[in-house]
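Residues or ranges marked as transmembrane segment by TrEMBL: 12-41, 61-85, 92-111, 117-140, 152-169, 189-206, 272-296, 316-334, 346-364, 376-402, 414-434, 446-464. The feature domain 'Major facilitator superfamily (MFS) profile' is assigned by TrEMBL to 14-468.
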Amino acid sequence: MPSKFFKNRRVYLLTTVAYMGSLLFGYDTGVMGSVLALKAFKKDFNLPTDSSGFASAKNAYVSSNVVSLLTAGCFFGAIAAAFLNERFGRRYSLMFFSVIFLIGAAVQTAAHHEIGVIYAGRVIAGLGIGGMSSITPVFVSENCPPAVRGRIAGLFQEFLVIGSTFAYWLDYGVSLHIPVSTKQWRVPVAIQIIPGGFMLLGLFFLKESPRWLMKQGRHAEAASSLAHIRCSPQDDPEVIQELAEIRAAIEEELNATEGVTWRECLLPGNRYRFLTAFGLMFWQQFSGTNSIGYYAPQIFQTVGVSKSSSSLFATGVYGTVKVIATAIFLLIGIDRFGRKKSLMGGALWMASMMFIIGAVLVTHPPDPSSGTVSSASIAMVAMIYLYVIGYSASWGPVPWVYLGEIFPTRLRAYGVGMGAATQWLFNFVITKITPEAVNHIGWRTFLMFGIFCLAMFVFATLFIKETKGKTLEEMDVLFGAVSAEQRAEDIESSLAVEKKNTVLNAEDAATTTTTTTTKV
């Protein structure tokens, strides 16, 4: 195990830098959900301070705006990223969007009494986060070896929940140790600039994706990049074999059509992938997880944890459970159980928890005037924790892994961009309606999400294909874009070309060395 980790050390380094974008997504959502519950924020922006949860219509309205405007920006950022990613490459596009995010974070930090400035900062930061969410799964998946791709690519979700959990505990800490003042909410909002700066700096030391370079016809750079990320020489047989597979897949795509066209996207093998990706990201949002993730303090107040500090503490525990459950699943689950079974089991588990929460809430509603937390409220909090364990072992990390691995190289940026944009569009819908839903229909909100989770089980059962252990190039065979026989022939042809190029490069290097020695 240590030797494998050392062999993939540059993949893990690239993943750590690239997934700072995911950490920022988690932090920016987590921090504002909790900041909205702070009395200091409410006082600075003239919001009612004498109500909890979503009992105040004005608080519910502002909360939905602050949270949903980030996702609106993310939607447009994800769409723009699909085109920039394909034109300028993964690394330079990530640099651009990290700068956009830093501008948005600075605007939010500088806001003073004008909620409109917070809104503007959220949209700008959202453009950056949406762009990064569209690019990082592509960048990481294209550099991962197949045996551990699920584990490494799934770190997108782990970084996301680490970011949100850090934000939860930070907000809990400032609520206890910083007096009610502007500083109380401004400090946690400003801290997001640090990982943003780390990401921008780290990108200068990474290499471009070998698959993108190969698609651009920059074969020598692709070989150098792949050998670097695999910690192997360019004449290593495994590197040569992988380059041959990449070249064969790209040439097959070029032979199918000229340029990326709508006709190419609608070919049977590709059409199925686009529709599956849309459905996967659509259902991820309707699982109800982001309703809890964005508004965790208010949700906990709704089920009876009424004190602000207590709800923030419960939120911190929620995030910690999420981090631990996601880590365990990525280490021992995703590459063992695969994608399909994880999605099916997780959907049933989450549906059960949502139905139980709704049933307890309607039969044992919390008493707002009570100074203690009832046993029914404790039970509902436990069900929320159990719910998120199921989510963290299924619909949290798996959709991002699946999205990054199923598309062919020429369409990967567009496919992942479409999936990310779908996620952000319905993320916006869910975050916009959650405060109003809890405010108006109460326990039925949890019943609604339970029914959605059952629909997710049906979707995963009927439409998800198992991708565990397959190379990115084998996805074309799995989804019927090319036959296994045709692919084998094309790899043999490309392998001969790669071996010839390796021999020629070695001879050129030897000739250069001889010439230099003679001159000396």
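The backbone N, Cα and C atoms fix where each Cβ goes, glycine too.
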(request) Please work out which recorded stretch in 12-41, 117-140, 272-296, 414-434, 446-464 has the most C-beta pairs separated by under 8 angstroms from the transmembrane segment (152-169)? (result) 12-41
(request) For the domain 'Major facilitator superfamily (MFS) profile' (14-468), would you mind checking the mean pLDDT of the predicted model? (result) 83
(message) Against the transmembrane segment (316-334), which of these stretches has the most C-beta pairs under 8 Å: 189-206, 376-402, 414-434, 446-464?
(response) 376-402
(message) Tell me whether the transmembrane segment (346-364) sits in contact with the transmembrane segment (446-464), defined here as at least 3 Cβ pairs under 8 Å among residues 6 or more apart in sequence.
(response) yes
(request) Using Cβ atoms only, state whether the transmembrane segment (189-206) and the transmembrane segment (61-85) have three or more pairs under 8 Å that are 6 or more apart in sequence. (result) no
(message) Against the transmembrane segment (272-296), which of these stretches has the most C-beta pairs under 8 Å: 117-140, 414-434, 446-464?
(response) 414-434
(message) At a C-beta cut-off of under 8 Å, are there same-chain residues at least 6 beyond the transmembrane segment (117-140) that contact it? List them, or none.
(response) 14-15, 18-19, 21-22, 24-25, 28, 32, 45, 65-66, 69-82, 84-85, 90-91, 93-94, 96-111, 152-153, 155-156, 209, 400-401, 403-404, 412-413, 416-417, 420-421, 423-424
(message) Please identify the stretch among 12-41, 61-85, 376-402 with the greatest number of Cβ pairs below 8 Å relative to the transmembrane segment (414-434).
(response) 61-85
